[in-house]
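Q: Pulled these features from TrEMBL for this protein:
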DOMAIN    B:36-116  domain 'Cytochrome c'
BINDING   B:49, B:52, B:53  heme c 1 binding site
DOMAIN    B:132-210  domain 'Cytochrome c'
BINDING   B:145, B:148, B:149  heme c 2 binding site
TRANSMEM  B:232-251  transmembrane segment
């Protein structure tokens, strides 16, 4: 809105120049308070027609917001949840989510935009000075409050009736104990749970994909397989707790390529079984590169060399991945020859 | 002398036995056509592949041995343009435009398959996602593949400049072959540990969540990385837009100045 289309009679005759000034800067007082700048009118302050237009604009925004809210309700009811639409730069998307998001966003945005336009064009824009006063109470008020307190203490007889006072202190002191007691629910302490997994001697290695026990011939060089201990089923109550410790990553490396003597000894003809849990903060780690035999953790880029005892070659992990010693049972299936020899997953104080 | 004679007889016996028992692979009638294909393949091989993989596919310092990689590996590598590679340097060999016709690829595959047994090229009914269990495929994908290829197959970074590629628009046949053969640093998922049915389910899952007409529940997919990228987007572009609007509102005066 430019000032050109305002009728001349509606413009103020002249602006007061010395509006609100309380001092003039000079030699003695170089930082005198200049007061408020002269107030300038808005178009809406001096042209009632402009004010009407602003009023209609604000009302229009609030009305459109109402329409958007109604549109939200209508789309919630009317659009099937699996309907897809094509929106040009984004692609195929869910029509219901798109309609809900758009209408909800518009409804909120138009309330805000209307309020801003209202405040800027129609609400008073006169600047006001609000004087500040000292915060502290006057001495007579202070004296009265203290006198009232002393009188209250005297009338309650807290100094005279010592039994009441002492038992009250006792009650108040004991009460927080119930809260402290509830902290016990943080326990009990894990005991040896961090040191043991479901693996034990003779447990078969079961393929996570097929739920069948693995044979050495199933695992070819360069392949990657995930295994769980025999007897652990996905619908078991304890499944998540147990698989979080027992998850295994099985790869086969040419025995000549295995640099670590113990790793070779604990493998079966180059089939090695390592914990899938990163020793840094326990992310599942299985970004296995079959040519380099490196395993990368997606969380903090710890890298382990599976051909060299899974030692850490990069990143924040503090320990090599624990290896599970495996062999083959009488029926030709891969089996564990015991539990992990060290705790799996992240370090803890008492880990040793 | 007697020992030598015994050895010769034993060798002859074993050789005879082997030729009698060994799988012939193809019916006799096909044999001429098959050997013609192999000869053609060998010709193509010596032009396009032998400089790195050796004249007999035995491998050199520039390229691995191809004995026993199978036809599926050849079909994947050549049809996706990864082979022949421009150079063996660099973190990994990228996908590029394929310069061979399917017939030529089949001939190359036949030649490589003749060097040693390996996985053969899957048939269409093996990788056709029709009728597969998408939900099971999702579960299998998250167990076996998502660590590198991201939850919806958008790809991700590995070590030293290597990366797992985006799987959008990749031919289901090539996805199947990649699982079977484990190209470059990808581990293989042979039928013994990830069954044919499992592979089909995974392909169906990818077709559902990462194809051109995948319906994004939230509009922009933002790389399928989850709440981190989405939060970053909201902070930068959402808050950025709000700040821009606030600056625009404050920069325009409502005063009626007579100029």
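Using N, Cα and C of the backbone, Cβ positions are placed for all residues, glycine too.
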Q: Counting other Cβ atoms within 10 Å of each Cβ, which of the binding-site residues B:49, B:52, B:145 scores lowest?
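A: Each of the binding-site residues B:49, B:52, B:145 was scored by Cβ atoms within 10 Å; lowest is B:52.
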Q: Applying the rule Cβ within 8 Å of the centroid of the Cβ atoms of B:49, B:52, B:53, what extra residues of the same chain belong around the heme c 1 site?
A: B:45, B:48, B:50, B:51, B:54, B:57, B:60, B:62, B:63, B:66, B:83, B:84
Q: Write out which of the listed binding-site residues, namely B:49, B:53, B:145, B:148, B:149, lie with a C-beta under 8 A from a C-beta of chain A, sequence order kept, or 'none'.
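A: Out of B:49, B:53, B:145, B:148, B:149, B:148 lie under 8 Å of chain A.
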Q: What mean pLDDT score does the domain 'Cytochrome c' (B:36-116) have in the model?
A: 87
Q: Excluding B:145, B:148, B:149, please set out which residues of the same chain place their CB within 8 Å of the center of the CB atoms of the heme c 2 site, keeping sequence order.
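A: Filtered neighbour residues, in order: B:141, B:144, B:146, B:147, B:150, B:153, B:155, B:156, B:164, B:167.
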Q: Is it possible to list how many residues within the domain 'Cytochrome c' (B:36-116) are helical, extended or coil according to DSSP?
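A: Counting residues per DSSP class in the domain 'Cytochrome c' (B:36-116), I get 41 helix, 2 strand, 38 coil.
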Q: Treating G and I as helix alongside H, and B as strand alongside E, what does DSSP give for the domain 'Cytochrome c' (B:132-210) in helix, strand and coil?
A: 39 helix, 5 strand, 35 coil
Q: Just jot down the residues in the same chain as residue B:53 (heme c 1 binding site), at least 6 apart in sequence, with C-beta under 8 A of its C-beta; none if empty.
A: B:45, B:59, B:60, B:63, B:64, B:65, B:66
Q: Please report the distance from the Cα of residue B:149 (heme c 2 binding site) to the Cα of residue B:49 (heme c 1 binding site), rounded to the nearest angstrom.
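A: Between the Cα atoms of residue B:149 (heme c 2 binding site) and residue B:49 (heme c 1 binding site), the distance comes to 29 Å.
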Q: For the C-alpha pair, I'd like the distance in angstrom between residue B:148 (heme c 2 binding site) and residue B:52 (heme c 1 binding site), rounded off.
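A: With the alpha carbons as reference points, the distance is 28 Å.
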Q: May I ask for the distance between residue B:145 (heme c 2 binding site) and residue B:52 (heme c 1 binding site), taken between their Cα atoms and rounded to an integer number of Å?
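A: Between the alpha carbons of residue B:145 (heme c 2 binding site) and residue B:52 (heme c 1 binding site) there are 30 Å.
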Q: How many neighbouring Cβ atoms, not counting its own, are there within 10 Å of the Cβ of residue B:149 (heme c 2 binding site)?
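A: For residue B:149 (heme c 2 binding site), the count of other Cβ atoms within 10 Å is 23.
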